[in-house]
Amino acid sequence: MKKKLSVGKALLYGILILYAVITLVPFIWAVSSSFKTLEEIVSGTINFIPKNFTFDNYKQIFLEQELFPRWLLNSLIIGVAGTSLNLLFNSMAGYALARLSFPGRKTLFIIILAVLMIPAQVTMIPNYLILRELGWLNSYQGMIVPAMINATFIFMMRQFFINFPKELEEAAEMDGLSRFGTFFKIVIPLAKPALAAQAIFVFMGFWNDFMRPLIILSDPSMFTLPLGLNTFKGQYISYWNYIMAASMVFTLPVLLLYGFFNRYFIKGISFTGGK
Amino acid sequence: MKKRRTYSKRSLREASQGYSLMAPTIFVLALFIIGPILYAFFLSFHKVQLLGTATYEFVGLSNFTNISDDSRALRALWNTFKYVIIVVPIQTLLALILAATLNAGLKGQSIFRIVYFLPTLTSSAVLTLIFMWMYNQNGLVNEILSILGLPTYNWMGDPSVALIAIMIMNIWATAPFFMVIYLAALQDIPDSLYEAAELDGANAFKKFIYITVPNLRPVTSFVVIMGLIGTFQLFDQSFIFSGGSGGPDNSTLTVVLLIYQYAFKSLGTMGYAAAIAVMLSIVILVATLLQRKFSKEESLY
């Protein structure tokens, strides 16, 4: 019995390690390529440790490719502003749907649930035309405003506020705080874990988005990183050392974010994956 | 009487508070979601010219009927269908196996979990570039295949394998995300069920088949629906992989990539693109509803 158990365990470890290798190899290969010279890259030999370790690829993309820092900045501006607005507006809507009664509340909630099922492709062309009418193509607001709420997280915040103890709010109201005062001073600070999970996913959504910027932004100086990276690939078609270095710069911020907020990540996913 | 009045005053105040809190949401919903959906239907019945001020010419159903005569549209549909049918079951099964393995109470779980999560964090653009680099003629994938004595391929240039290359990459990239959803659900299965089964002499495999899998059915349903929605919308990877063309020989052309091309890359076909987008949304909706119905009936047994 005991022996059988350990064979099973060995098998499980085998699966886990094999899959870890499968997951890691592409990343290690990309990182290693980003520190190789072009000569080594084109030679086609398989070595994960660069023979001539060099930072030149990183220097090149920051110094020679003037737009690269700009793309990084654009991505940051859109990501940070978009995420802040989402946190605020999604919580406001979630709170109203959970706690306040007003005519049309049910309809609004049903619409928000329905929106969850609507693929972005239907709204993609009309949104382009609307932004064009507004003169918002190639602008930060064109990227931010249409995405400053998120149905998934409104839904998630509503669930959170429904389970939130009412007594606290009643006590605050007794103490003379207004509804908005209660919301901003009592409710929001206590919602931090839910907000943290949301912040990560919304930021990643903005940071990694490819299709919306592709449609909305055509001026290279307004590009976000994914778009920049794509044109970069076209320009340096066989300079995989540069392309990999740029890819690593693009990935690093999200990895750092993950490092800091690891536990909220898993929580956030189980939130969205829950019943 | 008096009480009633204060009540309605209170409810009036609450309503105004509700609307102020909902205002940004209502604004975006109306201008960028509900409005555009109606607008999309309108566009799909029109021929749209965008030069200068946009003009719309009513063409009835012809945008929809043209789809069946368009060989690229049929090819895109076929590619997308193939992609959905192959990727969804494999990524779901892989996610389930990984989650069950990770949940078995082994040491080092958290490290594996962090490692597995890396692709979920990384953007589709970066992942596609990394895989393109590995799929090179004499790139890493072919080197490994030849070391193992397996045949090598021109992954990006050969129409018969290009879509498979994207499938492999995306299964690799999305399975861990669904794994985390399964992991959370596994924690909710009561231990007592497993203990009872153990008393009845069930082995690990039997416990997995008779307890874990049935208890995960609602989550599996969720994972499959999310998988369907995601795979039907394949775009970033085909776009970057083929430089926006859907090549080689239309083998990586997906429905969404085709919509993009007709809407933004060729003139006068925006209405047609809207018609294809409307069709795609209906297909996704029907697939989602069918899946729901199917999994509900299943759980009746």
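Just so it is clear, glycine is given a Cβ too, placed from its N, Cα and C backbone atoms.
Quick caveat, the model's predicted, so the values are computed rather than measured.
Here is what TrEMBL says about this protein:
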DOMAIN    A:72-261  domain 'ABC transmembrane type-1'
TRANSMEM  A:12-31  transmembrane segment
TRANSMEM  A:71-96  transmembrane segment
TRANSMEM  A:108-131  transmembrane segment
TRANSMEM  A:143-161  transmembrane segment
TRANSMEM  A:182-207  transmembrane segment
TRANSMEM  A:239-261  transmembrane segment
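When Cβ-Cβ distances under 8 Å to the transmembrane segment (A:182-207) are tallied for each of A:12-31, A:71-96, A:108-131, A:143-161, A:239-261, the top count falls to A:71-96. Sequence-distant contacts of the transmembrane segment (A:239-261) (same chain, at least 6 residues past either end, Cβ-Cβ under 8 Å): 30-31, 33-34, 36-38, 41, 57-58, 60-61, 68, 72, 196, 199-200, 203-204, 207-208, 225-226, 228-229, 232-233. When each of the listed stretches A:12-31, A:71-96, A:108-131 is scored by C-beta pairs under 8 angstroms to the transmembrane segment (A:143-161), A:71-96 comes out highest.
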